[in-house]
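Annotated features, as they stand in TrEMBL:
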- 14, 50, 84: [4Fe-4S] cluster 1 binding site (BINDING)
- 159, 163, 166: [4Fe-4S] cluster 2 binding site (BINDING)
- 5-121: domain 'MTTase N-terminal' (DOMAIN)
- 145-371: domain 'Radical SAM core' (DOMAIN)
- 374-436: domain 'TRAM' (DOMAIN)
Ligand code: 5AD
Ligand code: SF4
């Protein structure tokens, strides 16, 4: 028997890429590859890339520069670029980086086995199609090996929203939902492999329409799976939060009280320019309705500062919205011009203005985040333990509210949801004691 080939996958960007990296590794498993976590040991290196902001996209070219040295040492090493940069700039990558053997987009990676064979035969391979055949039909069933207790499951891809700043509708294409029966089968397989928490993924996951009852219908069916204890979903658009999904937050016990609901800005003028198709007031009303269904729900959002045309008053409107909502968690970014998007044509704000606004916005968000974390002290929360911590005897897990929690617990706690009394709140995690 020949020794297995080794595959090193480096994942950038969002959770959907994390999921795709797993599926690519599984697809190449059929070609005799096993995963390695060491690049210098690999026969194939795949960079699964992100195109959402300029900085993310630039990382690919600097990483390729570093990989040149490895290819000099091992000329048989094959290098591939996958993900959204591959989709957006595939031909340019092939031109600019002769060391790249393979470029594959997010919708065509089920063809990796054939591409690998071509590459092994000395060819270079590029596939950034949006093929008619569904990659999920071609990909094999997921391996039955024991898994970590929390897993991602992509149920929806692409986006039809066309926010003026965003490349996703171009790199990931139109919205497509996987049929509910396939998702349920994959979920059952994951649970059989030891998974107790599933996060449903989609670029616009609450627009899911692979089930008659939409995302709420899918969640209710998933909740019937014995052994699956927690369900989450991300990322959602405010305009797709329908009544059924809001109701599910109120009465579906397995649906966790945490919702990532990006608003981007609190200024109606900016929301309009961003093509978000809702106002700040509508967002606030929606939050009120969701919180009426699930009062302890923790909200999270994405924010963009310095979108073209943003005035001080627009920025202050965002700060006001943040004060009104109180977010438990948030991601915030300076606006980054993306080629091919409508906003790319507009005059940019000075870097200094963006930096100053971002710092103020992040300070407010951090303050809110810490206040909510401090408020957890003394409460008892349920924690899904995932792995050992850095201190001997300690285990780390996630609370219902997605806070990282560490507590002294037996190794056997991994995979179990156990009550923990929170005793301390640090900047990034909570400490607690297991309740016997
Ligand atoms: N510049 C800055 N941030 C962006 N995002 C998307 N496109 C851009 C851009 N051009 C942010 C949005 C989105 C998150 C995934 O990334 O906040 O919700
Ligand atoms: Fe991008 Fe807007 Fe679609 Fe989110 S909803 S992926 S920000 S276009």
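A Cβ is built for glycine as well, from the same backbone N, Cα and C atoms used for every other residue.
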In chain order, residues whose C-beta lies under 8 angstroms from the C-beta of residue 163 ([4Fe-4S] cluster 2 binding site), counting only those at least six residues away in the same chain, are 264, 274, 275, 276
Looking only at the domain 'MTTase N-terminal' (5-121), mean pLDDT returns 95
Binding-site residues 50, 84, 159, 163, 166: those with Cβ under 6 Å from an atom of ligand 1 are 166
Sorting the binding-site residues 14, 50, 84 by sequence and keeping only those with a Cβ under 6 Å from ligand 2 gives none
Here the Cα-Cα span from residue 166 ([4Fe-4S] cluster 2 binding site) to residue 84 ([4Fe-4S] cluster 1 binding site), rounded to a whole number of angstrom, reaches 12
Students should find that the Cβ of residue 50 ([4Fe-4S] cluster 1 binding site) has, within 10 Å, a number of other Cβ atoms equal to 22
Among the binding-site residues 14, 84, 159, 166, the one whose Cβ has the most other Cβ atoms within 10 Å is 84
Residue 84 ([4Fe-4S] cluster 1 binding site) sits from residue 159 ([4Fe-4S] cluster 2 binding site) (Cα to Cα, rounded, in Å) at a distance of 13
Those same-chain residues, other than 159, 163, 166, found with Cβ within 8 Å of the centroid of the [4Fe-4S] cluster 2-site Cβ atoms are 161, 162, 165, 167, 168, 169, 203
